[in-house]
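Encoded as structure tokens, the structure appears first; notes follow it.
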Amino acid sequence: MTAILERRESESLWGRFCNWITSTENRLYIGWFGVLMIPTLLTATSVFIIAFIAAPPVDIDGIREPVSGSLLYGNNIISGAIIPTSAAIGLHFYPIWEAASVDEWLYNGGPYELIVLHFLLGVACYMGREWELSFRLGMRPWIAVAYSAPVAAATAVFLIYPIGQGSFSDGMPLGISGTFNFMIVFQAEHNILMHPFHMLGVAGVFGGSLFSAMHGSLVTSSLIRETTENESANEGYRFGQEEETYNIVAAHGYFGRLIFQYASFNNSRSLHFFLAAWPVVGIWFTALGISTMAFNLNGFNFNQSVVDSQGRVINTWADIINRANLGMEVMHERNAHNFPLDLAAVEAPSTNG
């Protein structure tokens, strides 16, 4: 009888824990995805802060030339970064216990792998937590779908690209200047600016900014007057009020006359779907582009595509970009390569004897 009572008490304790985890009454919703999200993001954040401040230089290229990334080793906020794991490690899983010592682990850039893998797990769980909370509240699932765009982009540069290139040393450094270096080298090696999926991503980000500014300014300009000239217009809104706070008919009429009638949405729901979908689809395509270029399916090559009647090349902007790419390629990892890959790939002339 005693054993039965103890088991019921145990089940009751577990039940209370489950109810607390999945309760929508908590100040911050936890959820089952949150059970994994919280420790992974805390780990990634803690190690990032410590490494950004104090990590020793990392042998990123595997040629015994360490690169400094932390503040205590001479960097500032702009130049500092978490240096990617060494090319000597490649794609190997490299936790602390796989190294002979902590010094070796730090020298080979172990913190980068630790941060990136925990971060990707954490943001994926954050996306799942968004879906989970929406489900509990009876909402539609599109918040998590929208968040999948930045998750896909982060996964592309931190995981898919290193897998395709064969080493975590090719992943994006965790810092401002390191990100710029990643972008420059990516252009040099993959001609990303000439990739149509990147172009769609640019249209998504810039177009999303434009549409967001247009929508915000239209709404702000067509607010229903509820205040005097001496009060802030924001005081005319009360949280939870039933009536509209702006005149969508006036906004529609203004924009329809500014451009043309059918350029203006007359349905608030379809308008907001468009505002969400445009940048999300664009960033999806960019992530897809990074993931294809990871395996060297690169941007368009229009080099020397225009010639005159004598066969002489007439340079286009594609040729100017190609010249810039070659310049960037010979300058990066100067001591790791004797020639840029494009030049080194040419077969040597055959010799007799």
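The backbone N, Cα and C atoms fix where each Cβ goes, glycine too.
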Task: From the ranges 175-196, 197-218, pick the one that Swiss-Prot records as transmembrane segment.
output: 197-218
- request: Quick one: find which recorded stretch in 29-46, 142-156, 197-218, 274-288 has the most Cβ pairs under 8 Å with the transmembrane segment (118-133).
  value: 29-46
- prompt: Which one of these recorded positions, His118, His190, His198, His215, His272, has the sparsest Cβ neighbourhood, judged by other Cβ atoms within 10 angstroms?
  reply: His272
Task: Round to the nearest Å and give the CA-to-CA distance linking His198 (chlorophyll a PD1 binding site) with Phe265 (quinone binding site).
output: 28
- prompt: Excluding His215, Ser264, Phe265, which residues of the same chain place their Cβ within 8 Å of the centroid of the Cβ atoms of the recorded quinone site?
  reply: Met214, Leu218, Ala251, His252, Phe255, Leu271
Statement: Within the same chain, the residues at least 6 apart in sequence whose Cβ is under 8 angstroms from that of Glu333 ([CaMn4O5] cluster binding site) are Asp61
- line: Top of the recorded positions Tyr126, Tyr161, Phe265 by count of other CB atoms within 10 A is Tyr161
